[in-house]
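Q: Got a structure for you, written out below as structure tokens; questions coming shortly.
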């Protein structure tokens, strides 16, 4: 389907009857959360209480935080008018030379929160290989590199992005030019540390781990341990994440010195007040028809559909395109160029539906997402928070709707318990939903045919879809560790 924007699917309407105008039931506006918790820790900066924020106070500027004129000018050019809460709390602490554990929801401005202090320190004492940023996915690493280049545009910053799935030779050449900042996925960075002559992190001054909880998952643990042996002990270390875990606490004890915990979220499973969350309890065989109904209801809006597997991501995207929607898949079996292409099309609005595995749920810079649809529920509450955090960002409103079948009840109840509230059911009329049934069944038939070739291609050892270069043999390498789905 080459059309850029999605169009509404015509419902099957009985002959000689006029379509009934669909009046959507009034939906309650989301209410701001009133549950505030406080932690009394000497080295913890928490978000102010409602009483404190009720007092009208002038907004702080980046200059007020201690950011120098050159970087303030870069912020102004990027339309960063005022610091976000995580920036306001972490930048002054970072400029004091402290290690930081930063806890904030996705979309809160974490990248600038750690980039600005690093760039300011670099301006004071310029040197190559000054800072290293580790990210769990290739897309997030690329995004962070772009943010550093934008913020450092007025100071001649050199930044190298080192990720798996791309040729190592150009990356080695980029490292040979002695960039100020290196942004990398763990597996590929270890490859260069072990194989690229002349590349060393002995002079490193800053180590940043973004989405730190995922970096410390089992797959990345050995690579992180190796990297820590290559970096000097005398350095500043920042860990930024949406959640904290026992693994992060272990890393804190091992590699951070007297860190300050900066948090703007008092609840581990808190979602923003502008996010309207609903569920639909449906029979499992009716997931597709209800998905199409919801997509049609939100036609023209930027939407992410989350699925659990690579196979389902591909099938659902084919189903949607067959029905005339501008959908594009994003998963770890795509080549790096295809993944970046999918993200760029979605960001630019060329495609307004992204069907994705959880590779898209964390950290990626997608400025405006109106709707999140959980076609498959995630396996845990933390992943649910990260998924729905794709929408309702930067004060905007958003909608998140989850399809819940008889097989998902246990997971769904755990999610509600973590959120501390019961979600409202999304109002539907059965007749309106089932009006799509015949067209959905035909699209399912076409999708099954197309998925045969996808399954055959995926079955080849080391294959990478859409032009990617596979490895010989089935051995799992570090590039696979930089890829979330396999």
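Yeah, the Cβs are placed from backbone N, Cα and C, and that goes for glycine too.
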Q: Please find, within the list 1-58, 59-116, the residue stretch that Swiss-Prot describes as region 'Disordered'.
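A: Of 1-58, 59-116, Swiss-Prot gives region 'Disordered' for 1-58.
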Q: Using all protein chains in view, find how many other C-beta atoms are within 10 Å of the C-beta of residue 111 (ATP binding site).
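A: For residue 111 (ATP binding site), the 10 Å Cβ neighbour count is 24.
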Q: Just give the helix, strand and coil counts over the motif 'DEAD box' (210-213), going by DSSP.
A: 2 helix, 1 strand, 1 coil
Q: Among all chains shown, work out which of the binding-site residues 104, 108, 109, 110 has the most CB atoms within 10 A of its CB.
A: 110
Q: With Cβ-Cβ distances below 8 Å as the criterion, list the same-chain residues six or more beyond the ends of the motif 'Q motif' (60-88) that contact it, or say none.
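A: Tertiary neighbours of the motif 'Q motif' (60-88) are 47, 95, 102, 104, 108-110, 112-113, 116, 119-120, 123, 150-155, 262, 264.
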